[in-house]
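J.: So TrEMBL lists these for the protein:
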TRANSMEM  B:6-21  transmembrane segment
TRANSMEM  B:103-120  transmembrane segment
DOMAIN    B:122-415  domain 'NADH:quinone oxidoreductase/Mrp antiporter transmembrane'
TRANSMEM  B:126-145  transmembrane segment
TRANSMEM  B:157-179  transmembrane segment
TRANSMEM  B:199-220  transmembrane segment
TRANSMEM  B:232-252  transmembrane segment
TRANSMEM  B:264-285  transmembrane segment
TRANSMEM  B:292-313  transmembrane segment
TRANSMEM  B:319-341  transmembrane segment
TRANSMEM  B:362-382  transmembrane segment
TRANSMEM  B:402-424  transmembrane segment
TRANSMEM  B:445-468  transmembrane segment
Amino acid sequence: MGLLLFDVVLCALLLTLAGAAMLSRQLVHAVTLFIAFGVMMALAWARLQAPDLALAEAAIGAGLTGALCFTALARYAGDAGYPKPKLWLPLVFVAAVSALLLYSVFQIPAQPTTELSERVAEHLAVSGVSHPVTAVLLNFRAWDTLLELLVLLLALLGARQVPSQLPLHAGWSLSVSWSRLLSPMLLLLSAYLLWRGAAAPGGAFQAGALLASGLVILRLNQQLAWLSWQNFAVRTLVLAGLIAFVMAGLASLLLPGQLVWLSWPVALAGGIILLVETFATLAIALTLALLVVGEPEQEPADA
Amino acid sequence: MWPAVLLVTLPLAAALLMLLWPRRARVLHFAVAVGLLPLAVSFLLQVTVSGEQQWFLGNWGPLLAIRWQADGLTTLLLLVSVTLHLLVSAYVGSIQRRNPLPAAFWPLSNLLLASLQALWLSRDLFNLYVCLELLGMVAVALVTLSGDKALRPALDYLLYSLFASLCYLLGVALIYAGYGVLDIPMLAGQLEANWLNAVALTLMTLGLMLKAACWPLHLWLPAAHASAPAPVSALLSALVVKGPLFILYLLWTTLAPAAFLPAAAYLLASAALGAMLFGGIAAIRTPYSKSLVAYSTVAQLGYATLALAFILRFNLPEFVAAMWLFVLSHALAKAACFLAIGELQHTLGARQVEQLKGASQTMPLAMFAFAVAGGSLIGLPPSGGFLAKWALLLGLWQSQQFFWLLALVVATLLSAAYVFRVVVLAFDRAAPTAPDFSPQRLPQYLALLPALLVWVMAVFSLPLLTLLKQEL
Amino acid sequence: MLSFYLYLATAALLLGVGSLGLWRGPELLRRILALNVIGAGIFMLMVSLAYRPVLYGEPADSVLHALVLTGLVVAVSATAFALALLGRLLARPQ
Amino acid sequence: MSILQLCSWLLLALGVVFFLAGSLGLLRFADSFSRLHAVTKADTLGLGLVVIGLSLQSHWREACLMLLIWLVVMGSGAVSCQLLARFSHEQQANPVEPADPGQED
Amino acid sequence: MQAWSLEFLPLLIVLSSLLPGLLIFTLKEQQVALRTSLNLLGVVLKLVLVYVMWQGVKAGDNYEFRLAFLPGADLILHADALSLLFVVLSSVLWLATTIYAIGYLENSPLRSRFFGYFSLCVSATVGLALAGNLVSFLLFYELLTLATFPLVVHRGTPQSLAAGRRYLAYTLSGGLLLMLGVSLLHLLAGSPDFTPGGYVLPLLATEGALLKVAFALLIAGLGVKAALFPLHGWLPQAMVAPAPVSALLHAVAVVKAGAFGIVRVVYDVFGVEVVSSLDLAWPLLFLAAFTILFGSWCALAQQDIKKRLAYSTISQVSYITLGVALLGPLAAVGALVHLVHQGVMKITLFFCAGNYAETLGIHKIRELNGVGRRMPLTSVAFTLGALGMIGIPPAAGFISKWYLGLGAAEVAQPWLILVFVLSGLLNACYFLPVVYRIWFGVQYSAWPAPQRFSQRLETHWMLLVPPVFTMLLILLMGLFASTELSPLSWSELIVEREFSFDD
């Protein structure tokens, strides 16, 4: 009974946060409410037995997206106020659409089709890892994950096409020392998450996101001057995830017998997955950090 | 398995290496682009000989793994994507000295090719979502190449594209809720005609039509394609817009239950009618040459959607052939148009259509390329457009659709109007706009190549139709 | 069972709120946030679908979790790209 | 209801009271400094009480974990409170148009 | 005839003007000698090949070039008697017009572009004549539009651009209607070769309505180029083009393409039996008759020479349509022979009009007073052409009108003879005053823009020879009509060999 109460309160909170963020007059309120909404979403995932997602949502959804929004917000400061748009037409239309969605969502059969998850459980032993989500991500649907890494890289390439100067404050001694204190812990935590990914909720994305937040904190306090696209090492690491994935895929093709793309042999599966995941974590961490932190002002983004 | 994998991973690997060593980007790019062509041709021949092939990535069996399928149509689309990729990069290479594109063009155009190839091959609903998203973001990144004037259109394009992908994802989620399967061939025929599937399919169609710039949802396309650099808008109009159309075709011909087909046919037909008419009228009225060509994309997509609508309604082989011939001939013709207009606009320094005056004297080759490609857009024999329109006419006569014949006549006249609006202006000898410098001949020849290819497409119609497995 | 339908309803309403924000929001930043809210709504729907087997005693559907994770990463990269574009749009002199 | 459970429920109630006080302070206080004060002090204490209350009912490993969490929250709470205070102090010292942050220091 | 030439002769005839044309495009403006030689080489080559084919066809050989084009419809170049009639006409007149054009555009700009499109135009016309089935006919019909458009807008002035837009609007919609008709017929009866007596007879019982729709679409599509009444608007406007263009194209190539198409459709696609049983002939009859009278009527009101000749073309071409619509053998002979005669006569008139404009700057009829003395040879040619058009015996026009009259009587449509007489009168009304002005008009003002092209001759020899040559042709065709060589006997051969009449 207590859980139901928790659910009701959580859902109500989620909806009010989202509604307030959308309808608030000032943009600052919208962004802060949105970040709170992100944190609550992480809580919702935890409640719905999706620990992987809770980790990812907390690190990526609330953390990095929030940081990104605040950098964008800084530029809105001088912007002229927008006229207050009229509300009733969108309200009426959206109400109708959401009523329709609500009705169709309740048509969803309560009885789940468990054929796919049984197939996953059945093949888990052969997949080289014991945690089903990591198995699906890095073995059964590895092609999706590769493309998704590509999407992330692409966001970085796109963002580099439109470099805009980030107003960097000189670090204040307290925040500098705090960042120095936090970063080893974050590093340790992300390494742990990466390692545990094989057997328990964790893996490349959550570890990458944590590492990225560590890098971002350090960079915002002027620690990591080398963190830029021009630096060859950084560039290699950013591309390492994809290169590892593609190389592993091609290697799987060369192996005798099973000439199929992205199929890890059973014996080596665990090793390959761990290798690919480590490179992916580094790639994700650096990409997200570069996305949030952006380019140092002086060099024009030509390469 | 080898050709399919290489067709996807070669451009991807090339892009990654280019990002690592930007100085050697062009050499690597042309090596890969040229290498891909024989690969795509051999893959096409292999499929025509040994019939349809399919693979399950990771060797995990149909339910669990992502399915890649390669039939006649897919290999044809793969080949066209590779040829246009090679052609456009040759064009960019040839104008490199005069108005160079930023160095990021090379890796991005490779990623565009990789995501397109992945989209053509994949038959998994969620994988198609990721490919669509990837395609949209590469396209937006390419649009921003032309500097700050393309920012607002690029951002609008990105937001529309994201919203469309989310609608599509919601549709996929609802279908997965009902059947727990993500594989299209496995879902074929299983969907019942209940409310949930109706909403799911509507959402997916809405998302895909928004991404394919079908008429009522096409607002982002003219601004984005007009502000992008000419070679980029050639790639966008010729290929990127066709990806979602391919998925729409997959959904409605294999997945959708029979009860929904008439309603969907009605929706698509009215969208097509709007696209043909309003796209044509807008193309006639716009003062800018590149947005004229962009609006013509919207109008020409109307033809393909009309053919798709009639596939759903009557399922005649003529309509299937008509749809894919429209897509292929439009890809080639639109690439030629954009390259020719880009060349004209750059040499004559003209954004307005009026300044193309006397272009047939100052830039005869580029104007000839535009005229020939325009001929295919109108559907003059012996071009590819004619072949597609011929198939569509046979289908319409066979199904006694007299109203749609009239609509097709009006649409063809509209397209003739906006093509010849430019061509007639080119013959004006009153005061031809002198080019700023002696025009380069190579880019004009490259613009002429696809135009001539599409001009004689009707001659080799028989191999094309056997490939599409439709006999008229 | 009731909490399952409760989360489904929240997901649907989140979609509604998100699309309201997308349509009405005058500033582009708010529209980007709205897109994220819609994405969150869809992921909420998918995760509550994944939660359905838990009601019948089996573990949650891990394929859906993987899909949502991929969706999350795609959403954050799209948002990052959109915000970079927005930043440049606002930074350059009109 | 053993003594232990009674104490933990008591501590949890006390923690919630401190949280409520903190949030009330956030809403009611006039200027930013006192609001910062209320939020940081009251919530950290409330969290501490909740952590202790819960650790009484749980295994020692979760207890250590919650303790670590409490330490980190306290640390980050303090640092961010200092930063916000410094920022708002500078705001009042030279109320400059926030549009061009370049002029900060 | 070896098998090789049977296969490739038609293709060679089409290429003999296509290849020089494409080469001329690449030439620079100042390469005059090369361009002229290429042009004349193409003309002579084509005449030789046409002569060879003429002998072959007379001997009954079957020339056919087949290329896979659309599924179920090949691209066929088949030389039968009817197509040879049109090929001979256009090649001979192309020779005359090329010489005339070289003289006419002596030092005007963009000649490479002009002659390039000029040769493309002729190859499209010849292709259209040789087309073996409806789809190939449609292909060359549209290529003809694309090749003629740049010639219409060659001068690049605002009027010529407006004329070009109007020309495109008409011809493209005509082409589209034709495409609709052809696709419908392809659906109903596939696209077999043109067979004497038509290939839609078996469908008569079941698909009567659709056949009528197809017939209407085909005739409407062809009517645009054949300048039938509602669709004739583009022709007078197109007179703004240079003289050689309006001479060869708007008097011969384009206009005849439409008429030739109607002949093909009525005789080789539908066949007399189907057309009469679906009673499709009489609307065509009325339309043609009305166009004849309407064309002549409008010609009366025109003050510009070329506009008047344009309207006279509109009415003259409808004679052919009329002859075809009568569905009688004699009328068919009359129509076919008129196709040749009208072509030669009209080209002479346009040559003369061009001479007047080029040498003396005369554009209006009232400026023609007393030009006979200044340019006697051109005026004689003009007079003879005019007489031919009216149908006075020595010139060829009389023969075609005679046969058309016989045809009308044969098919018991006496009211048509009234139409012929009336139109003959109208012709006289708008031609004779011009002739009178030329010879007996008092010259009261100086020539608008006189130029001396050559000492001995009245104008440049290249402008003078073609009209004289075609004038002689008119006379020869008129006087020696019954000889074996004349177009009349060839038309009789066509009608007897290819059009089956079950009277």
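Cβ atoms are placed via backbone N, Cα and C, with glycine included.
Map these features onto the structure and tell me what's around them.
T.: For the transmembrane segment (B:126-145), the residues of the chain that approach it from at least six positions outside its boundaries are 66, 101-102, 104-105, 108-109, 111-112, 115-116, 118-119, 151, 153-154, 157-158, 161-162, 164-165, 168-169, 172, 182, 211, 224, 227-229, 232, 235-236, 240, 243-244, 247, judged by C-beta separation under 8 angstroms.
Sequence-distant contacts of the transmembrane segment (B:157-179), counting only residues of its own chain at least 6 positions beyond either end whose CB sits under 8 Å from a CB of the stretch, comprise 125-126, 129, 132-133, 136-137, 139-140, 143, 187, 190-191, 196-197, 199-204, 206-208, 210-211, 217, 219-220, 223-224, 244.
Packing against the transmembrane segment (B:199-220) from elsewhere in the chain are residues 132, 136, 153, 156-157, 160-161, 163-172, 174-175, 178, 191, 241-245, 247-248, 251-252, 255-256, 260, 264, 267-268, 271-272, 274-275, 278-279, 297-298, 301-302, 305: each is 6 or more residues past its ends and has a CB under 8 Å from a CB in it.
With a threshold of 8 Å between CB atoms, the same-chain residues lying at least 6 positions outside the transmembrane segment (B:264-285) that come near it are 201, 205, 209, 214-216, 218, 222, 252, 256, 292-293, 295-303, 305-306, 308-310, 312-313, 404, 407-408, 410-411, 414-415, 417-418, 421.
For the transmembrane segment (B:292-313), the residues of the chain that approach it from at least six positions outside its boundaries are 212-215, 218, 221-222, 224-226, 233, 237, 241, 245, 248-249, 252-253, 256, 261-262, 264-269, 271-276, 278-280, 282-283, 286, 319-320, 322-323, 326-327, 330, 334, 337-338, 341, 353, 377, 388-389, 392, 395-396, 399, 401, 404, 408, 411, 414-415, 418-419, 421-422, judged by C-beta separation under 8 angstroms.
Residues 73, 76-77, 80, 84, 87-88, 91, 225, 230-231, 233-235, 237-239, 242, 245, 249, 289-290, 292-293, 296-297, 300-301, 303-304, 307-308, 310-311, 366-367, 369-370, 372-374, 376-377, 383-385, 387-389, 391-392, 395, 443-444, 446-451, 453-454, 457, 464-465, 468, 470, 472 of the same chain lie 6 or more positions beyond the ends of the transmembrane segment (B:319-341) yet place their CB under 8 Å from a CB of it.
Note on the transmembrane segment (B:402-424): residues 269, 273, 276-277, 280-281, 283-284, 289, 292, 295-296, 299-300, 302-303, 306, 310, 353, 356, 360, 367, 370-371, 374-375, 377-379, 389, 392-393, 396 of its chain, located 6 or more positions outside it, place their CB under 8 angstroms from a CB of the stretch.
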J.: Short question: which residues 6 or more past the ends of the transmembrane segment (B:103-120) have a Cβ under 8 Å from it?
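T.: Apart from its flanks, the transmembrane segment (B:103-120) reaches 7-9, 11-12, 14-16, 18-19, 22, 25-26, 29, 32, 36, 74, 77-78, 81-82, 85, 88-89, 92, 127-128, 131-132, 134-135, 138-139, 141-142, 145, 231-232, 235, 239-240, 243, 246-247.
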J.: At a C-beta cut-off of under 8 Å, are there same-chain residues at least 6 beyond the transmembrane segment (B:6-21) that contact it? List them, or none.
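T.: Those are 28-29, 31-32, 35-36, 39-40, 43, 78, 82, 85, 106-108, 110-111, 113-114, 117-118, 121, in sequence order.
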